[in-house]
Amino acid sequence: MPPKYESGTRCWLPDDKESWIGVEVISKTISGEKVTLTLKYENGDTLPFETTITKLEREDSTLPQLRNPPILESTEDLTSLSYLNEPAVLNAIKMRYAQLSIYTYSGIVLIATNPFQRIDNLYTPDIIQAYAGKQRGELEPHLFAIAEDAYRRMVRDNKNQTIVVSGESGAGKTVSAKYIMRYFATVEKVTDQLVVKATGDDRPHTERQILATNPIMEAFGNAKTIRNDNSSRFGKYLEIMFNKKVEIIGAKIRTYLLERSRLVFQPPSERNYHIFYQLISGSSDEEKKKLGLLPVMEYNYLKQGGDPVIQGVNDAEEFQATKNALRIVGIDDITQSRIFELLSALLMIGNIEISTGRIDASLSSDEPSLARVCALLKIDPVLFAKWIVKKQITTRNEKIISSLNKQQATVVRDSVAKYIYTSLFDWLVSRINRDLCAETVIEQVNTFIGVLDIYGFEHFKRNSFEQFCINYANEKLQQEFNQHVFKLEQDEYIQEEIEWNFIDFSDNQPCISLIEAKMGILSLLDEEARLPGGSDESWINKLYQNFDTTPHKFFKKPRFGKTSFTVNHYAMDVNYESEGFVEKNRDSVPEEHMNLLMSSKNDFLKIVLEDAQIMAQTLAPHGSSLTVATSAKTRVINRKPTLGSIFKSSLIELMNTINSTNVHYIRCIKPNENKEAWTFEAPMVLSQLRACGVLETIRISCAGFPTRWTYEEFASRYYMLLNSNQWSNEVRDVCDQILKQSIINYDSTGALDSYQLGKTKIFFRAGMLAHLEKLRSDRLNSCAIVVQKNARRMIERNRYMKIRDSIVAVQSLFRGHITRLWARKFLETKSATLIQAQWRGYSARKTYQKSREGIIKLQAIIRGKSLRNNILQTRDRNAAVTIQRAWRSYSAKRKYKSELRKVVIVQSCVRRFSAKKQLDQLRVEAKSVNNLKEVQYHLENKVVELTQNLAARTKEKKALTIDIEGLRSKVDQWMSKNKQTEVINREMESRLSSIQALHHTHISEIDAKFNLLKCDFDSTSEILNQLRDENEQLKATIETKDGELEASRGFLENEKEHNEEHALTIKKLESEVEKLKNQVLNMDTSKSNFNGSASITSIARSTAAAMVVGGHNIHHNQATNGFINGASKRINSKRHSITGPLHDGEKDNSSYNPRPVSVIGVPSATSLNHSIRQLEYYEAEEDSSFDNSQGINAEMERILDDGKLLLSEVIQGLIINLKYPKTSGTEEVSPKDVLFPAHIINLIISELWRLGYVKESERFLGDVMQAIQNNVMGFNGEDIINPGAFWISNVHEILSFVSLAEENMLDNESLLSEMGEYEFGQYGRLLALVKMDLEHLEFNIYHAWMKELKTLMDKMIIPAVIVSQALPGFITSEGSRFPKMPQIFSREPLTFTMDDMLSLLNKVYKAMRTYFLEPDFMRQPIMELLKLVGVKAFNDLMMRRNFLSWKRGLQISYNITRIDEWCKVHNIAEGVIRLEHLVQSAKLLQLKKATMEDIEIIYDVCWTLTPTQIQRLLNQYLLADYEEVTTPEILAAVAERVKTDHNNTLLLESTSLDDSGPFELMEPRLLSKLETYIPAWVQVPKVRDFVELSALVNSQNTAAVQQLHLQESYGEYQTYDDDESMYEIEETGEDYN
């Protein structure tokens, strides 16, 4: 055995104020048998403690209790303490409470210490999520861990579970039970994991009903007491029922021992049940008037306790919550009003004033309160008043009525009120059970989890019947608890196959037998209660006679007085006053009152009382009837069950239920009497630990092997106690070697005494771990000494080496100085010699250079003269060649022009001759009569033609007007050209004069050439004069034309007056044409026939308005161009339908004009109109082109008529069977390879709109969008990365197309007048609808995409960011600490690493970049994924235990740095902000934590973290062996800051995997052109044909538009004579060039 009480040993001494106080042994003196220990208190005082060696060897109980090592003092599980004694347990709970940790394990028990402060951050849905699916021990102790353990065992073993929540009043039992119920109602099983369900109104109805039972039970069964503001005055067992699918389907409530006396009496500073105060505060004025409610202090039943207000509680709000809860469980407002009537009547019963005479009591039926009560209860006031002051005794032969005194009458009055309230409470429970546990629910029940919220052991100054029953129940529960703990202890020993002896523990069965045996206390009490004259005095005497005459271990008679008795309970001895025991046990209402109440006209009251009687019969124990044998006959006497017998039977039933289930225990502790937040009173807590059986559990554990460690944990901590050469590959062998070298395991008898090796664990006796900790500390200290020794050796050696190096350096410097002096002298001699040699060489070189330079200059002069002569000869030769070339060119040009002029003169003469000849012939013909007749005939025909074609003439008039304007513009152009010619003439004159002056000055030898040029100039002047003459002729011609036009206008005006009748005829014809057009519109043909010039004009306009889709730029919202516009008339304005012609039952939509939309690139309105006029002028020349275009449109309509095939190809070829461009290749992907599905869909939509297939376009778009969504939804995991990004980009491309159509529609004001208001509205409606659907589709794809990405990322976060350790040299103990034994601590390889996470981010980013998503959009998913990483990793880090260390902080910082680098490389530098909490948590782990200054630095550095989060990280921090200990004082100071801080956030709000996060729609793209590109591998023949036809039509239209622009820009106007055409062509070419 290890030595004890040596110097430095820490231990505990009893203390009156603190129960136990810590001391340290500073010296140990042995004098023979006597031993003196000098103990030092924490405040520095010393105390001698005398004992003997024998006591030390026997470990006598009078010795100071040994204290645990610091590492174990604030352990989460008390059973892991090395010394399991009373002060160690108390100190562990106290230290954890000071660190704001209110939960502590003690084996299978969870100890919950009431903080007396709301700490909602411990019970948030995120905390529930953290504990869901976790095994007990993985996270910190918590209520949810117990609930989760119960749930897992129920699912795994298919066995019912029970959670027992006990503790004294004010310990927090009700709140604990409430949170456990909330846990079960909040989580659900999905496969093998538990996930958090919806909260609030989104929960299923059954779970909402279960949670609604809490406010109802608290309102009707809880009250304010001195110890607790919300004390449960009854016991409750709630069974939460599950079906085979592990779904909550119902619940059932059982209640025990409601404190009835509280209704009529409350001690000072206490209140009645909450419902009465809620009713008065929360009722409206109308309800108060109806119920006759008075202020609280006017009711005798409410004013006894004093102040009726609970600080921080609003009774009115609580009343509304109670009413809402009643509605949820199925109690409607009418029934609620009936309940409130009964409550009002009960309050008024307490105000009934009973008068007294000399002896008897009296009560008038007119008493106001009594009248009000009878009115509410609808009973006879005379009989009610009578039987309050009278009683009736029934004998065999007669009934005797006697009067009661005032005290007895008051008891009767109060008993009626208590009975009605108890019945109402039982009815509420029954009604809730009927709704939550119907027959259909019972049939589906597979298992249940029961939550028992029952009162703890009670001991007051005055204890009565209620305390006796409560302590009796706790005796039964403690017995079951001891047996359960003992069984678990023995089972574990058997399972681990270790040697053990039977553990003896104190069994409280004798105490239970004293209470419930056949002649026990309860049996005698029932017997006395059934006697008519039974009294408390008679009953107490029977107790004395039965138990005091023969000494009983658990029953004591007081030394003084004969009205009390003492029971030796397991927790302590409790003295009970017998007064009131018999009457409370009877709990009876006089039969007369029962009959009166049952005869009430209040139906609800009768229902409540009937249910109460049925429930009483159900709960009545067996043997409540008595068979009496007489001489005449045998009769059965029905005995009314007493309260004690009912409680006993219900308790036995409860114990049977508990024993049939797997039990979990929660012991609630009240830390102080004054309900002060975070105040710990050690004596009070210690008494509760004794009362709740925790210390008894520890005593049972100490009898065996209380401390258990797994082999891995033991070897990981104590491996240094074994030399490394003894390490092996088996961890069990390593542990065995450590123990053999460290502990003597055998006692004097040779039995295993100190430890035993099990199958998976090592079992230690109490104190063994402390001994091992001391050995470990000594070993580390010795190692530290070795390290210090070597460090000091190195320091001194380094110092010596520095001194030696300094001396060597000085020596070398001195020797160097001497050597330098000798070297300097040597160098000076050598330098002088060198200078002389250099001077002599310099003189010789100077002479040589002078001679050499003279020779070179002479050579240069000779060579220069020769070269200059050659240059002059070459220049003269070149000048002569140039003059010859110029003269020869001039001679040839002059000869050519002379010959050309002669040819032209000959031509003009010949032409003039033939023209004169023709003129003579025409003069002869003009003189003949026949010619005059022919002219007259032609004129008559012309008149008729003008008459019949008035519309055409009018149109021609407009055309002539336009031509006039055109001619005038061309005249202006010619005038401007004339001016330009004059300017050119002047410029040429100035140029010639300058050339002439230059030639006279510099070139006198070329005078002849100058003369020739002068002649050329003269000829040019003649040509210019001719041009001027021609301009004059053109002007004259224009004036002539103007005259002719004026004459034509006059003629037309005269003709207009004669043709009004013809105009009427034309209008009739036009109306007939319109009818014919309407008939054509209703025909289901593939073409439309166009007749007349009007049709040709419409086609021309449409042709001018069309453009080629592929290869033409599309300008966005420019002043002169548009993208999608409506034409005034369509090529085919009929209504198409994919489904065929209209049926009889369908509405004819021929009057509906679909929006005429086309993909166009048109000029401005003015230039477009001008182009149309030009097309009308040339329409005759373009008939063949028009016919070709009509044929292509007809072929496109034929394809569209078979729309299902086209749609099928689009869905199958462009969506379902599409091969997505690879994102991992090195080759860049072009936009057309990515966006071609959107481009083709846009093209088809455009053509559908252009050709009038509007309804079909809606169907087409709807089917395509649905196909895209279904296709994307069909992917999961990493398979969705590329499809998701691909279709987001393509859908946005389609959306941009539609958005641009809508924008241009709104910008085009002329479209409204051309289309009409109705058609324009339908056009806008469809565009808006399609745009909205596309936006929704884009969001849906993004949502599905992000959901899968977040699911992928969610699996990686914890292994990659938190668990992975990528920095070598800083691996924590989770890795192998044994080089020779890698498999001892080998763990399963990480499922994911940081490389996997960054690879996922890379895939997402590359997919978005490859598929040309906007940079702003690309940030959205990355930021959302990083937010998920930050929140989940931080929350996991906060919930980790035995994990946090500075090495972990370093590893996490490294992982975060990798994420930060990735963000910076991808231009998302702000992404690390999403990880700010995690970054600062990692910093906190790496910072020093030894002093308060260090803590202040932590608060400054980790400014984002809340004090609660900082406190949790510090509490969970694992100190390394070489780190300074963070003292309890520092942790307490950190906890104090948490108490004063209002922000108590612990976990960040979790990010739902189903939530895609904020989605900002991208701005529409600036579309430059629509590609018609389709990859060769895409099998869509119909779509290809359609695209090619569309491209062909648009290419023809584009060519026409380009020709119009060319003609408008340059024009052609030729009015020259044939003999002058040569000059006109030449001049025109010169001008335009």
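Placed from the backbone N, Cα and C atoms, the Cβ positions cover glycine too.
Remember, predicted model here, so these are calculated numbers, not experimental data.
Non-local contacts of K173 (ATP binding site) by the CB criterion (under 8 A, 6+ apart in sequence, same chain) comprise V165, S166, G167, S232, D453, I454, Y455, G456, C668. Residues or ranges marked as ATP binding site by TrEMBL: G167, E168, S169, G170, A171, G172, K173, T174.
If you look up TrEMBL, you'll see 1017-1086 marked as coiled coil.
Summarising the annotation, TrEMBL assigns domain 'Myosin motor' to 73-777.
The annotation domain 'Dilute' is assigned in TrEMBL to 1262-1540.
Feature annotation from TrEMBL assigns region 'Actin-binding' to 651-673. Through the fold, the region 'Actin-binding' (651-673) approaches residues 93, 97, 106, 108-114, 116, 143, 146, 149-150, 153-154, 157, 159-173, 176, 227, 237, 254, 256, 450, 452, 456, 472-473, 476-477, 480-481, 484, 679-681, 684-685, 688-689, 692-694 of its own chain, all at least 6 residues removed from its boundaries and within a Cβ separation under 8 Å.
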Cβ atoms near S169 (ATP binding site) (within 10 Å, other residues, all chains): 20
Count of other CB atoms lying within 10 Å of the CB belonging to G167 (ATP binding site): 27
Long-range Cβ environment of A171 (ATP binding site), under 8 Å and at least 6 residues apart: A112, N114, N228, G456, C668, I669, K670, Q688
Non-site residues, in chain order, whose CB comes within 8 A of the mean position of the CB atoms of G167, E168, S169, G170, A171, G172, K173, T174 at ATP: N114, R227, N228, S231, S232, G456, C668, K670
For G170 (ATP binding site), the number of other Cβ atoms found within 10 Å of its own Cβ: 23
Distant-in-sequence Cβ neighbours of E168 (ATP binding site), under 8 Å, six or more positions away: R227, Y455, G456, F457, E458, C668, K670, Q688, A691
Which same-chain residues, if any, lie at least 6 apart from G172 (ATP binding site) yet have Cβ under 8 Å of it: A112, N114, C668, K670
Local confidence of the domain 'Myosin motor' (73-777) - pLDDT mean: 85
Residues that sit under 8 angstroms from T174 (ATP binding site) by C-beta distance, when 6+ apart in the chain: E218, N222, N230, S231, S232, D453
